[in-house]
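Peer 1: If you scroll down you'll find the structure; I have some questions about it.
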Amino acid sequence: MKTAHFILVFCLLALASPFAYASDPSPLQDFCVAINDPKDAVFVNGKFCKDPTLAKAQDFYYSGLNIPRNTSNPVGSTVTPVNVAQIPGLNTLGISLVRIDYAPNGGLNPPHTHPRATEILVVVEGTLYVGFVTSNTDNRLITKVLYPGDVFVFPIGLIHFQFNVGKTNAVAFAALSSQNPGVITVANAVFGSNPPINPDVLVKAFQLDKNVVKNLQSKFWWAN
């Protein structure tokens with residue numbers, strides 16, 4: 001009987017292990033340039049890809065990250081992404097890039113998360129106060145003031161931010177471990193959802209007066 005139980009448990013664990021260790025498969029080819037129209041495409045690793053013999057340099061190219069962006073918006077920052085939407089050749093390669101411009105005296109990349117990527121950020125201009133918060137139940141804030149040439153890592157899925165504490169413009173570049181890391185800006189998601197979250201939910205969750213919640217929901221939250 002014990003042997004039968006052992007075999008049963010072993011079989012269940014064997015069946016469960018593929019789910020426990022599931023992840024995106026490694027690419028089985030040099031590249032897989034994403035293509036919307038399946039005409040003239042091949043089906044590789046579950047994606048429509050351009051025929052590799054038709055790939056060209058433009059599929060792997062983007063220009064313009066040297067250009068400063070306009071930061072005259074409510075949060076005082078602008079994120080310029082370079083992911084698979086801008087470079088089709090990034091498809092299946094698991095990496096992307098962003099440029100972030102911050103206005104002087106308080107330009108903020110608001111608290112947000114990337115559900116599919118770890119981020120590594122390098123400051124090239126200005127002074128940034130950056131940080132992230134660990135998961136429940138510690139919710140520990142880990143912060144650092146960064147100067148040009150400094151590098152900081154934000155672990156996958158954790159809420160993080162960057163804040164310009166200098167009197168001049170600031171610029172940073174960040175690499176992310178996904179071709180499409182996604183972004184969830186906390187204030188936008190909670191108070192700017194469409195349709196709005198029932199105010200009673202937010203009153204209890206944030207321990208706020210209902211009028212405060214309704215006022216926050218009525219504001220325009222900048223989608224950064």
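Cβ atoms are placed via backbone N, Cα and C, with glycine included.
Residues annotated as oxalate binding site in TrEMBL: Asn109, His114, Glu119. Residues or ranges marked as Mn(2+) binding site by TrEMBL: His112, His114, Glu119, His160. The disulfide bond annotation in TrEMBL covers Cys32-Cys49. Here TrEMBL flags 63-214 as domain 'Cupin type-1'. Among the features that TrEMBL reports, signal peptide is placed at 1-22.
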Peer 1: Taking the centroid of the Cβ atoms of His112, His114, Glu119, His160 as the Mn(2+) site, which other residues of that chain lie with their Cβ within 8 Å of it, listed in sequence order?
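Peer 2: Counting only non-site residues, the set is Thr113, Ala117, Phe132, Phe154, Leu158, Ile159, Pro181, Val183.
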Peer 1: Determine, to the nearest whole angstrom, how far the Cα atom of Asn109 (oxalate binding site) is from the Cα atom of Cys32 (disulfide bond).
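Peer 2: So the Cα of Cys32 (disulfide bond) lies 32 Å away from that of Asn109 (oxalate binding site).
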Peer 1: Taking the Cα atoms as reference points, how far is His112 (Mn(2+) binding site) from Cys49 (disulfide bond) in Å?
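Peer 2: Cα of His112 (Mn(2+) binding site) to Cα of Cys49 (disulfide bond) measures 32 Å after rounding.
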Peer 1: How many neighbouring Cβ atoms, not counting its own, are there within 10 Å of the Cβ of Cys49 (disulfide bond)?
Peer 2: 22
Peer 1: I'm trying to understand the geometry here, so how far is the Cα atom of Cys49 (disulfide bond) from the Cα atom of His114 (oxalate binding site), in Å to the nearest whole number?
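Peer 2: About 26 Å separate the Cα atoms of these two residues.
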Peer 1: Between Cys32 (disulfide bond) and His160 (Mn(2+) binding site), what is the CA-CA distance rounded to a whole number of Å?
Peer 2: 32
Peer 1: Roughly how many angstrom lie between the C-alpha atoms of His114 (oxalate binding site) and His160 (Mn(2+) binding site)?
Peer 2: 9
Peer 1: In Å, rounded, how far does the Cα of His160 (Mn(2+) binding site) sit from the Cα of Glu119 (oxalate binding site)?
Peer 2: 10
Peer 1: For the domain 'Cupin type-1' (63-214), provide the mean pLDDT of the predicted model.
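Peer 2: That region's mean pLDDT is 96.
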